[in-house]
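Taken from TrEMBL as is:
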DOMAIN    35-239  domain 'Neurotransmitter-gated ion-channel ligand-binding'
DOMAIN    247-527  domain 'Neurotransmitter-gated ion-channel transmembrane'
SIGNAL    1-28  signal peptide
TRANSMEM  242-265  transmembrane segment
TRANSMEM  272-293  transmembrane segment
TRANSMEM  305-324  transmembrane segment
TRANSMEM  511-529  transmembrane segment
Amino acid sequence: MLCCIKMRRWTIVFCWLLCVIVMPTCWCARAKYAKKLLTDLMSNYTKALIPVEDTNIILNVTLQVTLSQIIDMDERNQILTAYLWIRQVWFDAHLKWNKEDFDGLDTIRIPGSYVWRPDIVLYNSADDRFTGPMDTNVVIRHDGQMMWDSPYITKSSCKVDVSFFPFDAQQCRFTYGSWTYNGNQLDIQNAMESADLADLVENVEWEVLGMPAKKNIVLYGCCADPYPDVTYTLKLKRRASFYVFNLLIPCVMISFLAPLGFYLPADSGEKVSLGVTVMLALTVFQLLVAEIMPPSENVPLIGKYYIATMTMITASTALTIFIMNIHHCGPDAKPVPKWAKKVILQYMARVCFVYEVGENCMMSQPEKHEAPCAKHSPMNGQVGSGREEIVSKADGGQETADSIITEGKEDLDQLTSLSSSVRKNQTNNCPWQSGIFTSLDCEDSGGHWRRRKGGVSDEEKKDGDVFCRRHSDEHLLLRDIEYIANYYRDQRATQKRTGEWKKVAKVLDRFFMWMFFILVFFMSLLIMGKAI
């Protein structure tokens with residue numbers, strides 16, 4: 001057992017020494033053959049001519065593109081910057097050898113500048129420096145197969161369609177072809193049906209849907225020979241989350257403030273200011289979008305939304321100014337037309353849920369208290385209370401038209417009762433005295449007795465003078481009451497007209513508020529539906 005273990009140890013040591021001594025010799029032999037092979041291949045080789053044995057033979061070049069990363073998409077300048085790996089494979093008839101003559105050497109790697117390479121370029125390049133692929137090594141097989149892999153940062157022109165921005169999808173093309181060789185000398189084949197996306201680095205803004213390849217043969221006007229090319233179509237879809245949260249949602253929130261301008265009280269003085277402020281805010285967002293988009297005739301979807309919202313805000317501001325003029329109709333305004341009373345104050349008020357002050361849909365109309373009767377207070381008190389009520393009613397303009405009319409009727413009834421009582425007292429105070437009817441002419445110039453029959457004693461004449469003065473005072477009081485009643489009636493009529501116009505303005509405010517809310521809701525629903 002011990003002998004077996006020692007034998008194994010000696011075997012391991014022997015193998016290790018053999019590897020240390022023999023392997024460097026093999027490496028040196030392989031390097032020697034590679035140097036000799038390179039010398040033999042380059043002895044009679046020229047890279048200026050296409051590597052074919054017969055000029056009538058078409059050289060086939062196989063092209064394969066691997067998309068590694070999308071660096072930038074400049075929508076305004078319509079330039080796509082991408083990082084690509086390009087593989088070109090062809091056969092060089094002058095670079096062949098028998099691998100048995102070179103110790104089984106199958107492949108070698110030499111700088112690409114040593115051999116002929118196809119002049120395949122990107123036709124739609126937008127790089128101002130005209131830089132080509134990186135000058136990497138070329139892998140040469142013993143049968144003459146050449147494989148050239150090179151990384152390439154390309155700037156290609158891409159027609160950007162921003163009609164549905166930020167929910168748009170773009171198609172950018174990469175067209176590769178020979179710059180000098182036509183189809184009778186060099187033919188391009190695509191290695192796969194599409195580009196390789198296995199090593200693609202995800203982009204935060206764009207989602208790659210695919211990159212199919214297609215071969216085309218184009219006849220240009222300058223030349224009669226065909227020119228083949230391979231076109232890779234990169235299909236991109238924008239990730240719209242960034243623009244939704246930074247451009248779209250703020251605009252939707254601001255646009256919902258526009259209808260609230262109709263809900264503001266007209267006396268606040270901020271209705272027009274709110275509309276102008278919302279307009280300025282949307283203008284700022286419109287400028288941000290205009291800086292990103294190319295100056296083309298295709299207006300982006302979000303731009304159309306901004307324009308529609310700004311148009312709606314302009315219309316709402318103009319309607320607000322019109323309604324404020326209706327609200328502030330003065331005492332000289334004409335009465336509200338009958339059609340407006342029927343359509344606006346009846347039907348539209350119910351539809352728009354416009355109620356009187358202190359009312360809503362859950363409350364009944366408050367009960368009205370009856371005014372005290374005129375006979376429970378003296379005449380002077382009635383006149384004084386009537387004047388105080390006139391002043392208080394004239395100062396407080398917050399009552400509605402219906403309540404003003406009702407209370408005005410009650411006060412006018414009181415004044416009419418006072419006037420009738422004075423006339424009644426005037427009639428009762430003209431008695432028959434001793435068969436003689438006494439009539440008084442109580443004017444401002446004084447009263448005179450007129451007798452129809454018989455004479456009058458001194459005592460009766462004295463009583464008549466007292467009665468005449470009393471009658472004159474009652475006549476003056478009656479005239480004052482009539483003046484107060486006419487003035488009060490005019491005030492009530494003026495307040496009625498003003499209150500009706502204010503209610504018309506309020507109903508119109510509510511109507512336009514609900515209408516613009518519906519418009520904003522549907523506009524926002526349409527544009528947000530594109531994100532789903």
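Every residue, even glycine, has its Cβ placed from backbone N, Cα and C.
Just so you know, TrEMBL annotations are computer predictions that nobody has curated.
The shown structure was predicted, so the numbers you read here are calculated from the model rather than taken from an experiment.
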Going through 242-265, 272-293, 305-324 one by one, which has the most CB pairs that fall under 8 Å from the transmembrane segment (511-529)? 242-265
Rounded mean pLDDT within the domain 'Neurotransmitter-gated ion-channel ligand-binding' (35-239) lands at 91
Should anything in the same chain at least six residues away from the transmembrane segment (305-324) have a Cβ under 8 Å from its Cβ atoms, list it; otherwise answer none. 248, 251, 255, 258-259, 261-262, 266, 271-272, 275-276, 278-279, 282-283, 285-286, 289, 299, 505, 508-509, 512, 516, 519-520, 523, 527
Given the transmembrane segment (242-265), its same-chain partners at Cβ distance under 8 Å and 6+ residues beyond its ends are 165-166, 205, 271-272, 274-275, 278, 281-282, 285, 288-289, 302, 305-306, 309, 312-313, 316-317, 319-320, 323, 509-510, 512-514, 516-517, 520, 523-524, 527-528, 531
Cβ contacts under 8 Å made by the transmembrane segment (272-293) with residues that lie 6+ beyond its boundaries: 75-76, 162, 165, 247, 250-251, 254-255, 257-258, 260-261, 264, 300, 302-303, 306-307, 309-310, 313-314, 316-317, 320-321, 324
